[in-house]
Amino acid sequence: MIYSGDVQRIEPAPVAGPAPLDVAHLILAGFDRHYALFRYSAQRAKSLFESGDWHGMQRLSRERIEYYDMRVRECATQLDSALRGSDARTADGSRANGSAALSEAQTAFWQAVKQEFVGLLADHRQPECAETFFNSVSCRILHRDYFHNDFLFVRPAIATDYLDSRIPSYRVYYPVAEGLHKSLIRMVADFGLAVPYADLPRDARLLARAAVRQLRGQLPRHAGPRLASDCQIQVLGSLFFRNTGAYIVGRLINQGTVYPFAVALRRNPAGQVCLDALLLGADDLSTLFSFTRAYFLVDMETPAAVVNFLASLLPRKPKAELYTMLGLQKQGKTLFYRDFLHHLTHSRDAFDIAPGIRGMVMCVFTLPSYPYVFKLIKDRIDKDGMDHATVRRKYQMVKLHDRVGRMADTWEYSQVALPRSRFAPRLLEELRRLVPSLIEENGDTVVIRHVYIERRMMPLNLYLRHASDPLLEVAVREYGDAIRQLATANIFPGDMLYKNFGVTRLGRVVFYDYDEIQRMTEMNFRAIPPAPNEEAELSSEPWYAVGPNDVFPEEFGRFLLGDPRVRQAFLRHHADLLAPQWWQACRARVAQGRIEEFFPYDTDRRLHPQAAPPPRTAA
């Protein structure tokens with residue numbers, strides 16, 4: 001009871017909210033629940049591979065991508081409820097992001113939460129991922145003015161360089177002591193697949209011959225025995241599952257040289273497992289771990305140990321991409337952002353408009369010294385039926401879909417603050433004109449409210465313009481293969497102009513413009529009906545009705561094959577793509593539920609090149 005003059009008034013006693021340690025425990029419990037489900041997904045993948053349930057594998061891959069955001073929302077809701085009425089919230093009862101400024105007490109509280117969280121990670125096996133989860137939850141509570149290292153893990157607090165699982169993350173075999181053939185048999189058998197092998201001793205012999213053959217070509221003359229006394233085979237302890245394949249990933253150490261390798265496992269039509277291919281060298285593994293493919297399902301107690309191992313095999317590939325390819329996309333985003341901030345600190349060039357033909361949907365810019373592009377959805381889109389929500393749905397569709405090595409993955413960010421001084425004047429002017437709703441200029445900072453970030457590639461139209469005849473031939477064949485493989489995976493690109501495709505470092509053609517993609521099963525591929533008379537044929541307007549999803553492949557040549565060199569190469573390899581019959585047959589196969597395999601390696605890497613598995617059909 002409070003006395004104020006002669007007036008008595010009753011004030012409620014302050015509600016004691018949770019202590020910072022309680023909040024830290026709540027967030028860590030949310031992460032631990034997420035990671036337990038993440039690991040269970042990888043364990044389920046092993047069962048699905050053993051049973052040959054490829055549709056189940058596809059569903060699992062899609063569902064797992066959404067696990068993280070579900071757990072973050074769940075944890076933020078629990079935290080919001082726990083903080084209701086506490087001093088950690090603003091005076092009006094809203095969460096702390098209701099206004100930009102925290103009180104002195106709130107500032108101290110949230111800084112203490114981070115400090116307590118660090119203490120909880122001392123013996124944790126996934127500390128870097130837990131820090132990222134903490135950031136995700138905190139960003140739903142705090143205003144962006146507090147998105148810095150006092151409140152978030154902008155820099156990591158726990159070192160993971162020498163962190164490993166209770167059971168070491170990789171196993172070691174010594175082929176000189178027990179023989180290469182026996183070592184390979186034991187290496188494969190130790191994964192404990194609950195499904196019979198077609199002929200493991202035979203496959204191990206083929207694998208040994210392929211390995212020795214490739215080693216012989218790489219060893220210098222007079223190098224001594226092919227397998228020296230230091231020879232070791234080191235393999236990660238979990239299989240890497242994706243689509244219809246499983247992969248053993250490791251390294252061979254011989255005569256002081258490290259040889260990265262992967263062994264592909266496949267089920268044959270009889271349901272038995274075969275060793276299908278040996279991938280040897282960084283380029284082969286780079287293709288396997290490409291940003292254009294679906295994420296692996298891998299059971300990892302300590303992801304940092306797995307990533308450190310992979311980084312030794314793929315030194316050109318950033319750890320951000322490795323975490324992403326293991327299905328830990330948010331950790332990949334965190335590392336990418338840290339790398340990006342580090343690069344900004346140690347560079348001076350300016351963000352500028354990306355080279356190439358301007359698109360109708362996206363405003364694209366780049367930093368010349370950094371191998372990525374930044375894509376913002378325009379405020380006004382000059383395409384019928386296209387808006388922000390539609391474009392974002394298309395990009396999410398690609399994220400959830402099997403990209404079959406032909407669609408670039410993207411990182412999606414919001415509330416990205418960049419130094420205004422690093423923007424070229426013409427870029428800043430273009431952003432103000434085309435995407436004013438997505439930028440906020442605040443003093444010396446430009447805040448981008450929503451952006452997609454992709455690997456930068458050479459646009460195919462620019463590549464073809466300057467390519468020699470042999471390189472053009474390869475690129476055009478790759479372009480047609482990309483269209484075929486996308487269609488077989490139930491993706492119709494929509495706009496197939498060359499400017500919407502890029503060429504990777506290894507010469508692979510990849511699609512990267514997603515605003516017009518649709519499922520093949522939604523399309524109607526038609527032949528152009530005969531003209532009723534000569535005037536109709538000469539008219540600029542079609543003489544036949546055209547539905548919203550009608551496609552006439554006979555028209556493709558008019559838009560795509562104006563360059564005689566490109567036309568000749570295309571007709572040599574892909575003339576059937578200019579007729580509706582191929583598209584109709586492909587659509588029918590997809591509608592039947594057939595799952596076709598796209599090997600992330602060339603035929604010459606296969607141990608049984610004559611035994612390509614047939615397409616699978618739904619049960």
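Positions of Cβ are set from backbone N, Cα and C atoms, glycine also.
Feature list (source: Swiss-Prot):
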type: BINDING; residues: A354, P355, G356, I357, R358, G359, M360, K375; note: ATP binding site
type: ACT_SITE; residues: D409; note: active site
On a simple 10 Å Cβ count over all chains shown, which one of the binding-site residues P355, G356, G359 is most densely packed? G359
Return the residues near D409 (active site) by Cβ distance under 8 Å, restricted to its own chain and a separation of at least 6 in sequence. F291, T292, T324, V398, K399, R403, E454, R455
Fewest neighbouring Cβ atoms within 10 Å among the binding-site residues R358, K375 goes to R358
Let's check the environment of M360 (ATP binding site): how many other CB atoms sit within 10 Å of its CB? 12
Which residue, of the binding-site residues A354, I357, has its CB surrounded by the fewest other CB atoms within 10 A? I357
